[in-house]
Amino acid sequence: MAAQLPIPVYTSLDQAMPDLQTAAEQAVRYNNLVEEFEKRFGHKPSYIARAPGRVNLIGEHIDYVLFGCFPAAVERDILIACGPSLATASTGTGGVQAHNLNPKYQPQNFVPMLKTGGITAAEEAGAASTVHAKAAWQLDIDKRELRWESYVKAGYYGVLNRFFSAASGTQEHPVPVDLLFTGSVPSGSGLSSSAAMVVASTLAFLTVNNKLEGVSKGQLVEMAMENEKRVGVNSGGLDQAASVICTPHSAIFVNFYPKLSAEPIPLPTPRTIPRAIFVCANSLVVSDKAVTAKFHYNLRVVETLVAARVLGRLLNLPLTPTERPTLRVILTRWLGTPEADLEKEDVKSAIERFLPEIEKLRPAREGREPGEEGVTMKEMIELSGLSEEQFNQVYLSWVEVEAEYFQLYKRTRHVFTEALRVLEFREVCVRAQATEGDLPEETLKQLGALLDASHESCSTLCESSCPEVDELTRLAKAAGAYGSRITGAGWGGCTVSLVAEDRVEEFIAKIKEGYAPYRELSDEKLRDAIFATKPSSGAFVLKLDA
Ligand code: GLA
């Protein structure tokens, strides 16, 4: 239901913010952006498009195999002041002038070109999704280099292909656009600055081109997911769903199969014991998933996809040579029940029953050293039952990955146990919501234990953590957190810890003392590195006075 709602368009900040105090605090930032836009482009902006970062509370590296996750939007966000450009001579049809308040990011001008007869943008991006047209828009995203405007172009692609392609049957041209960006989501920190950039950019282009009406939150998520693939990362929909669909005061349980759906779930708020809140702590190890995709993020995507086929074969499930089913689809085939007939409780018990089956993937350990438990490329191809050519076509033609050993068993074990933990986490929250009277502290301890178990699995089975992040979670536990785990893609970035509200200050002080990279930080930098966060609202558009 939440995914079918329209994108909110507000006319004042009071409507957009959860309370008046936040609106007053944010007004300074919004006004400054509007003034600076006018200085740079010589006219007022028409709108501000806003998309938040997110913290994933639990459910890591399972969205791309189509299992549900549990994120919340954070208050940190990307804002884009935008409006039709007056400088048509320099911007041309649909041309863009994109500026950023952060001087680190140089102003960029670009004009989309319509390319006929070649491959489409979706094919180029390696997206397995629908290809829209034979004439495709071209914006030249350089995937080998991380450039800030690539995310802006990625957002633009989807709008161009959907509303201005020959296939959409329109003669209309996109309008030239001026954009001014500002952001408070630290990049490479695991709080999803990239999805916030792509969602906000998609929203800005939709709005200025007058195409927002009729686009639901779910459709914006799907567009943003496809758009982000153009930057070279085959991510799932977790970040985009959180950035678009979240509402203040709640996390969302977001499900991707058989179709995108989201359910807002308030976090338990005990009355007699202090409320627990989430604290994000940045390890300061910068990990940009677009840069390391071939041996980190995209490799996990390929490992889990191949694992699904191999497991399907071992379980004698029907498989065609050209399809690329996910682990979620394999579970459904094994069950033999149409997904639409399954309740969350059924999925949970199905996973529990399925877990012993995944042991079939465990590779023979004889003669292997620790760290070599996986399978080589040659072994993996054999296990898939495909010819080398078929294998390359299905699993490698759209993505570049690099590894000596592919860890099919470990990744699969992570996926199913993590999917189970998400459903348990949801269940504890839902039960707490329905409880009359005071909640026992035990509830928070249960949530904390699930966070800890999730981290352990990310660290040892998914292998998406790093020593600094592991250290931060240990320090968090020692400082009194109910639970602590890595959040986001990993290999650096942030942890998220569940902490009693009245102990947050003491908690932060202890982490500062214990985590060496924090000791030298100024108070301002420290506030940026470790902070408590409330679930915030999802993306919206603020319509400005003409
Ligand atoms: C990144 C991706 C998400 C998700 C997480 C890991 O943030 O963009 O889709 O896969 O990593 O859970």
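Even glycines carry a Cβ here, placed using N, Cα and C.
Per TrEMBL, the feature domain 'Galactokinase N-terminal' maps to 35-84. Sequence annotations record features per position, and here TrEMBL assigns domain 'GHMP kinase N-terminal' to 163-244. Residues annotated as domain 'GHMP kinase C-terminal' in TrEMBL: 439-515.
DSSP labels the residues of the domain 'GHMP kinase N-terminal' (163-244) in these numbers: 40 helix, 8 strand, 34 coil.
Predicted-model confidence for the domain 'GHMP kinase C-terminal' (439-515) is 95, expressed as mean pLDDT.
Within the domain 'Galactokinase N-terminal' (35-84), the DSSP-based counts of helix, strand and coil residues read 10 helix, 28 strand, 12 coil.
Across the domain 'GHMP kinase C-terminal' (439-515), DSSP helix (H, G, I), strand (E, B) and coil residues number 48 helix, 11 strand, 18 coil.
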